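S.K.: Heads up, here are the entries from TrEMBL:
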TRANSMEM  36-56  transmembrane segment
TRANSMEM  77-97  transmembrane segment
TRANSMEM  103-123  transmembrane segment
TRANSMEM  135-154  transmembrane segment
TRANSMEM  174-196  transmembrane segment
TRANSMEM  203-231  transmembrane segment
TRANSMEM  243-265  transmembrane segment
TRANSMEM  277-296  transmembrane segment
TRANSMEM  302-322  transmembrane segment
Amino acid sequence: MEGGNSPSLQLQQLPLATAAVSVQPHTDSFSYKENLIGALLAIFGHLVSSIALNLQKYSHIRLAGSKDPRAYFRTKTWWSGLLLLVLGELGVFSSYAFAPLSLIVPLSAVSVVASAIIGIIFIKEKWKPKEFLRRYVLSFVGCGLAVVGTYLLVTFGPNSHEKMTAENITRHLVSWPFLLYMLVEIIVFCLLLYFYKERNANYIVIILLLVALLGSMTVVTVKAVAGMMLVSIQGTLQLDSPIFYIMLVCMVATAVYQATFLAQASQLYDSAQISSIGYILSTTAAISAGATFYLDFMGEDVLHICMFALGCLVAFLGVFLITRNRKKPVPFEPYISMDAMPGMQNMHDKGIAVQPELKASFSYGALENNDSMPEIYTPATLPIVQEQHGPKGVSAPPYRVLEHTKKE
């Protein structure tokens, strides 16, 4: 009996063993599918947002000479750009609900690549092929590196997936790694804000570090809000929890202050520098926050972490090369710089009248000056010619207008 029952027991245990073995591959494929959905949503969102911003910029440029400063409100191009911008932001927002935070944040390099490609396609200047390649070789190399970095990020991104329920978010919020991270971030933020406000340290690194620290909290709260909304749509209501509204308020507040510091940086520095340095700092801070709050890299092997870090570095280099090739705007000067004129001396700070040297054959303003000048910087004067032909009692004019004939 025992010998006859053992094969049947083995046959009954075989499907169970097979089912137990197949659980892990199914889970891995499901997590990779979620990563792919989130990555595609993020790429789509950044691509559409870049197209939308360029459409609105095109509308502003076309109506730059209009007397009505808000004439672009009546154009279909500007409204199309606004609708595409909302669609793109919705795509990026929804991507946080599917993929880990550390995977979605570096994909913002897609917007930089898209802007560079759109700028090259719609360029109005005519270039020869050799000159065109030489002019945009850094952009081509940067776009290629950014694409390679994006591929490495998607392939070797973290696979940590958990439901964004109120209980899980609260547990992460009071964990000691995140509390320690928040303490360090608050101290660094206060020090940077002190140097920026009180010491007038308007360095681009300080301003963009403030933006990056605020942005790291923005993306943490965005993932929490998006994840809880997705869980609510799937059937488990999470919108009645207080932690949802706490995260929502933090998301809006940090986004507003982040936009404020970005606006201040755009007034002081070039947009290309802000794009490259801001992308590097914001991505680094956001990945650190995701790894601390959501434990994105928990259980990942060393090879995947190293390849993911390599993808980030390649994407950083690509964005740097793309933004470095942009032309810096030349400020318009509606006057002639006195220092740029030959023979002029730099005397603005000494309070001395600015006049050309005496060696020149003409005085400032091309007025002929024949008077004796006791001082070297005496201002030029008009020649005075006394006329005696006026009637008595009427003073003659201090100057006369010399009329020249064609013979003279």
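A Cβ is built for glycine as well, from the same backbone N, Cα and C atoms used for every other residue.
TrEMBL annotations: computationally assigned, not manually curated.
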S.K.: Select the range from 36-56, 103-123, 277-296 that forms the most Cβ-Cβ pairs under 8 Å with the transmembrane segment (302-322).
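M.R.: The stretch with the most close Cβ contacts to the transmembrane segment (302-322) is 103-123.
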S.K.: Given a Cβ distance threshold of under 8 angstroms, which distant residues of the chain, six or more beyond its ends, lie next to the transmembrane segment (243-265)?
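M.R.: Those are 166, 169-170, 173, 204, 207-208, 210-211, 214-215, 217-218, 221-222, 224-225, 228, 274, 278, in sequence order.
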S.K.: Output the single range from 36-56, 103-123, 135-154, 174-196, 203-231 maximising the number of Cβ pairs under 8 Å to the transmembrane segment (77-97).
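M.R.: The stretch I would name here is 36-56.
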S.K.: Relative to the transmembrane segment (103-123), which of 36-56, 135-154, 203-231 accounts for the most Cβ pairs at distances under 8 Å?
M.R.: 36-56
